[in-house]
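Notes follow once the structure below has been shown.
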Amino acid sequence: MTMQHVFPTYQRFPFAITDGQGVHLTDNHGKTYLDFTAGIGVCNFGYHQPQIQAAVTQQLTHIWHTSNLYENELQDAVAGLLANGEERLVYFANSGTEANEAALKLARKYTGKTGILAFQHSFHGRTYGAMSMTGNPHIQAGYAPLVPGITFATYNDDAALDKITPELAAVILEVVQGEGGVFAGQTAWLQAVNAKCQATGVLLIIDEVQTGIGRTGYRMAYEGYGLDPDIYTVAKGLANGLPVGAMVGRRQLATAFGPGSHGSTFAGNAVAMAAAKCVLPQLTPALLTTVRAHAKLVWQSLATQVEPIPVVKQITGKGLMIGIHLDEQIPVNQVITRLQVEGLLTLSAGDNTLRLLPPIVMQPADLLAGIALIAKVLTTLTTEVTTNE
């Protein structure tokens with residue numbers, strides 16, 4: 001199949017996914033794969049999860065969309081679940097980039113300041129404001145002039161603390177940089193950034209689009225670092241595949257976000273809200289403890305089976321968000337293609353990094369089977385490179 005009628009903005013693999021069940025996907029040729037992508041960190045609860053499917057199916061028999069001209073009980077219920085007992089309010093969007101745009105607008109409007117500090121190798125989205133806060137020149141190429149007032153610092157570098165001054169409106173960061181190479185923030189550094197923001201009156205925005213909804217073994221990744229953001233954004237896993245995003249901010253910020261200050265026609269539609277209302281209560285302490293335990297097994301397996309392979313430079317990440325950094329002799333896309341042949345779907349990130357984002361409900365047998373396949377393919381490719389030298 002060759003796609004003839006769609007802009008070629010994606011470099012696609014030459015097969016289509018036609019079905020999914022649990023943590024496995026099936027393509028248009030009938031081949032089944034173990035999924036270490038979760039739709040790029042979206043389907044954290046896998047495919048055809050009975051509770052989510054039932055919630056969505058039931059909502060489809062009622063209302064799908066009404067716009068935001070009327071009160072919406074589903075939105076308020078999901079917002080309450082996101083607030084999780086804290087004094088926070090929620091703005092719903094359709095995606096992560098929209099949620100980050102809302103955070104940018106709110107930060108500037110509330111503080112009356114324009115300066116934003118972001119970080120190199122970050123990714124916050126592809127719409128103009130979010131792209132301008134993304135520390136990747138490749139993403140920004142050809143789109144100048146970008147949104148002004150945004151500066152960048154080095155991630156995990158104490159020198160960044162000196163750039164947090166009262167003149168800023170906000171600092172935006174990911175606690176684990178996903179697209180940039182799966183680099184986890186150092187706890188002491190993240191806490192120092194949080195403290196400096198509080199001391200200077202600068203808003204701290206944490207982008208949880210990829211790290212949230214249990215990905216690191218916590219409801220939101222920042223909780224595992226003891227952070228207290230003024231605003232956080234979430235999207236990918238929130239509705240397990242339906243388009244939704246959310247900006248969650250302190251209640252006092254509402255003074256700058258009244259009627260007409262921001263909006264979206266589709267945001268918070270009933271079907272996506274039904275899915276999110278089903279997803280969030282499943283993030284129980286028991287499940288999150290299990291995710292952390294399973295992640296520990298995965299990291300142990302990586303340390304013994306994958307890390308010793310000569311082409312592996314380092315392994316980074318947090319929880320079930322993993323980056324295997326490869327020697328330039330082994331292009332990551334070659335690894336991904338070989339793994340597809342073996343029946344495992346994986347992702348890339350950063351310069352030459354194999355990224356793993358399995359569903360958080362995947363059981364140890366499948367997780368370890370996937371790691372074994374990665375070790376097999378990397379060992380084979382190492383042998384091939386050595387033979388050809």
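The backbone N, Cα and C atoms fix where each Cβ goes, and this holds for glycine too.
It should be emphasised that the depicted structure is a prediction, and the values quoted were computed from it without experimental measurement.
The following features are taken from Swiss-Prot:
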- Gly96, Thr97, Phe123, Asp207, Glu208, Val209, Gln210, Thr265: pyridoxal 5'-phosphate binding site (BINDING)
- Arg126, Ser264: N(2)-acetyl-L-ornithine binding site (BINDING)
- Lys236: N6-(pyridoxal phosphate)lysine (MOD_RES)
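Remark: Ser264 (N(2)-acetyl-L-ornithine binding site) has Asn68, Phe92, Ala93, Asn94, Glu98 as non-local neighbours, by Cβ distance under 8 Å and separation of at least 6 in sequence. Neighbour counts of Cβ atoms within 10 Å were compared for the binding-site residues Thr97, Thr265, and the top value is held by Thr97. Classification of Asp207 (pyridoxal 5'-phosphate binding site) by DSSP places it within a strand. It is 11 Å from the Cα atom of Asp207 (pyridoxal 5'-phosphate binding site) to that of the residue listed as 'N6-(pyridoxal phosphate)lysine'. Glu208 (pyridoxal 5'-phosphate binding site) and Lys236 (N6-(pyridoxal phosphate)lysine) have their C-alpha atoms 9 Å apart, to the nearest angstrom.
For the pair Phe123 (pyridoxal 5'-phosphate binding site) and Lys236 (N6-(pyridoxal phosphate)lysine), the C-alpha distance works out to 14 angstrom. For the recorded positions listed here (Arg126, Lys236), the lowest count of other CB atoms within 10 A around the CB belongs to Arg126. When the C-alpha distances from Arg126 (N(2)-acetyl-L-ornithine binding site) to the binding-site residues Gly96, Thr97, Val209, Thr265 are tabulated, the minimum falls on Thr97.
Taking CA atoms as the reference points, Val209 (pyridoxal 5'-phosphate binding site) and Lys236 (N6-(pyridoxal phosphate)lysine) are 6 Å apart. Under DSSP, Ser264 (N(2)-acetyl-L-ornithine binding site) is assigned to coil, being neither helix nor strand in the three-state scheme.
When the Cα atoms are compared, Lys236 (N6-(pyridoxal phosphate)lysine) and Gly96 (pyridoxal 5'-phosphate binding site) turn out to be 7 Å apart. Around the Cβ of Gly96 (pyridoxal 5'-phosphate binding site), the same chain contributes His124, Gly125, Ala130, Asp207, Val209, Gln210, Thr233, Val234, Ala235, Lys236, Gly245, each under 8 angstroms and 6 or more positions distant in sequence.
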